[in-house]
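Read through the structure below, which is laid out as structure tokens, and then see the notes.
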Amino acid sequence: MTKLVLYTLHLSPPCRAVELTAKALGLELEQKNINLLAGDHLTPEFMKLNPQHTIPVLDDDGTIITESHAIMIYLVTKYGKDDTLYPKDPVQQARVNAALHFESGVLFARMRFIFERIFFYGKSDIPEDRVEYVQKSYRLLEDTLKDDFVAGSNMTIADFSCISTISSIMGVVPLEQSEHPRIYEWIDRLKQLPYYEEANGGGGTDLGKFVLAKKEENAKA
């Protein structure tokens, strides 16, 4: 099989979403670590791969794919034994696409508004309005989970995308189980995957802890 190279950082939610997808497909990835805080993504070599200087980036034998959702769709379309993770049926696919856009436009975006100010701007506070935005996103996800998974009764790449973000932000903005029972049931289903902890669980927990530690460090500066 062609060697698949993933430029990644395990703490990064989008990178972990791709890792989950690869594990689900039984694909081996050669991972090359890109340290964002050290500026690895701004080197001339990396900028040639991705002028938008974001991760993850997939190199499939010279074919370069950027953006986590595009990479996941690409991997399932090219290497999947069936279309369960990304359905070909237009209605089912539309539901998966909607969930992917919800993750990038709502869940991840609202998490990023908090994390970036701590990582890159040296802030030690989290504005209340940003906390409220995240809490509202929790409610939107809770209301969306009418079935076992975010896009219906079957697990898809949309679940990998959403869980990578939720598992990261819930350690910083508490996710109350009493108010969000469907989310916790959904998390428990995904935790049953034999590759979940390796591909996402530890990284999600570690990112939350890293953000809080950096927040405390900024407060002392």
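Just so you know, glycine gets a Cβ as well, placed from its N, Cα and C.
Predicted, not measured: the structure shown is a model, and the values here were computed from it.
According to TrEMBL, the feature domain 'GST N-terminal' maps to 2-83.
According to TrEMBL, the feature glutathione 1 binding site maps to Ser12, His53, Ile55, Ser68, Arg112. Sequence-distant contacts (6 or more apart, same chain, Cβ under 8 Å) of His53 (glutathione 1 binding site) comprise His41, Leu42, Phe46, Met47.
TrEMBL lists Ser12, Ile55, Ser68 with the feature glutathione 2 binding site. Cβ contacts within 10 Å of Ser12 (glutathione 1 binding site), excluding its own Cβ and spanning all protein chains shown: 21.
Among the features that TrEMBL reports, glutathione 3 binding site is placed at Ile55, Ser68, Arg112. Listed in sequence order, the residues of the same chain lying 6 or more apart from Ser68 (glutathione 1 binding site) and placing their CB within less than 8 Å of its CB are Pro14, Cys15, Ala17, Val18, Pro56, Ser161.
Confidence over the domain 'GST C-terminal' (89-221), given as mean pLDDT on the 0 to 100 scale, stands at 96. Here TrEMBL flags 89-221 as domain 'GST C-terminal'.
Note: the glutathione 1 site is recorded as Ser12, His53, Ile55, Ser68, Arg112; in the same chain, Leu9, Pro14, Cys15, Leu36, Thr54, Pro56 also have Cβ atoms within 8 Å of that site's Cβ centroid. Ile55 (glutathione 1 binding site) counts 25 other C-beta atoms within 10 Å of its own C-beta, drawing on all protein chains shown. Mapped onto DSSP classes, the domain 'GST N-terminal' (2-83) shows 34 helix, 18 strand, 30 coil.
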